[in-house]
Amino acid sequence: MWNQWSESATAVGSRFTNVCVIAEQYRGGLLFAIVALVMGVGYVAIGVGTETVPPPLLAAFRFDASASILLTYAFVRGRWRPRTTADVLAIVVLGEFVLAGTVGFLFAGQQYITVSIAAVVMGLGPIVTVPFAYLLVPGERLSRADLVGVALGFCGVAIVANPLPAEATTGSAVGIAFICCAVLSSSLGGVLLSRLETDLSMLSLTGWGALLGGVTLHLVSVGLGETGGAIAWTPTSIAALVYLGVVVGIGGYTALLSLLAEVGPTRTSLTSFASPVVAIIAGWLVLGEAVTVLTLVGFLVVTVGFVVLNRGDFGSVLESIRR
């Protein structure tokens, strides 16, 4: 009996070791899949949560949850306090532009449009970053091909928006306008953040940024006259909040940073186009949202624009794969 148990335990241990070896071998691919899945499903969680909770409050609560966990962990690990001007500026840029601005506008916009449209328009982020970098980062140049890529990106969004009088609605136009503001806030914040050198760990920086972003959105909520009485908590809205605050706010961003370190910025940026695919499928399965041909065509055009902008990097990646 003991020998059988010992052999079984050895077999299980051997299989576990093999799984770990395979996971390490395909670490980049696994991280990519995790980021795309977590972020893509996040759009559905936003759609579910904003049905019963005002968007600014839901976004604020999401950051409250993330900040409390991240800052507690950073405090235990040490080096959690900002000490330099660059640290403070990085927290402000991250909290106000990358987090509060992006998530606040995104949550507001998803009240009016489908999950798939919101995800596709957010995919414009890497494209909008290019002109911001040209304007704000010394030495950045914008070629004709870059201009073509940017133009294709905006054309893709225009196709998704479908501004034909017979089919357009005021609500969808407002929703897309909010999502575009989210893209602008995220892209501008990302460029500004890249110019700041901070000694804070990424967890500490994200925790402080989430805290500031949460406070900002709470103030916005108060300014809009929203109170706790406007909230109708349901099991699904609570689940959406937990998913957004913990799974996306901590797990998703941790996986994203790990992926960035593993495969570099070019391959990591492809998650901006993989997550909309997940969002489209999840929106159809969970919310029963229909996916239009124009949404798919617009997504394809935005993706082509991104490839044009990063043609040199993709050429290098393809060359390395062939080798």
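Note that the numbers count up from 1, one per residue, in the order the chain is shown.
Cβ coordinates come from backbone N, Cα and C, glycine included.
The feature domain 'EamA' is assigned by TrEMBL to 28-160 (among others).
Residues in the domain 'EamA' (175-310) partition by DSSP class (helix H, G, I; strand E, B; coil) as 113 helix, 0 strand, 23 coil. What TrEMBL lists as domain 'EamA' is 175-310 (among others).
The annotation transmembrane segment is assigned in TrEMBL to 30-50 (among others).
According to TrEMBL, the feature transmembrane segment maps to 88-107 (among others).
Residues or ranges marked as transmembrane segment in TrEMBL: 113-135 (among others).
Taken from TrEMBL, the feature transmembrane segment applies to 147-166 (among others).
Sequence-distant contacts of the transmembrane segment (172-193) (same chain, at least 6 residues past either end, Cβ-Cβ under 8 Å): 90, 93-94, 96-98, 101-106, 108-113, 117-118, 121-122, 124-125, 128-129, 132-133, 136-137, 157, 160-161, 163. Look at TrEMBL and you will find 172-193 (among others) tagged as transmembrane segment.
For the transmembrane segment (200-220), the list of distant contacts is 56-57, 59-64, 66-67, 69-71, 73-74, 77, 79-80, 82, 87, 90-92, 94-96, 98-100, 103-104, 249, 253, 257: same-chain residues at least six beyond its ends, Cβ to Cβ under 8 Å. According to TrEMBL, the transmembrane segment annotation covers 200-220 (among others).
Positions annotated as transmembrane segment by TrEMBL: 240-261 (among others). Packing against the transmembrane segment (240-261) from elsewhere in the chain are residues 28, 31-32, 34-35, 38-39, 41-42, 45-46, 48-49, 53, 58, 61-66, 69-70, 202, 206, 210, 267-268, 271: each is 6 or more residues past its ends and has a CB under 8 Å from a CB in it.
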Segment-level pLDDT (mean, integer) for the domain 'EamA' (28-160)
88
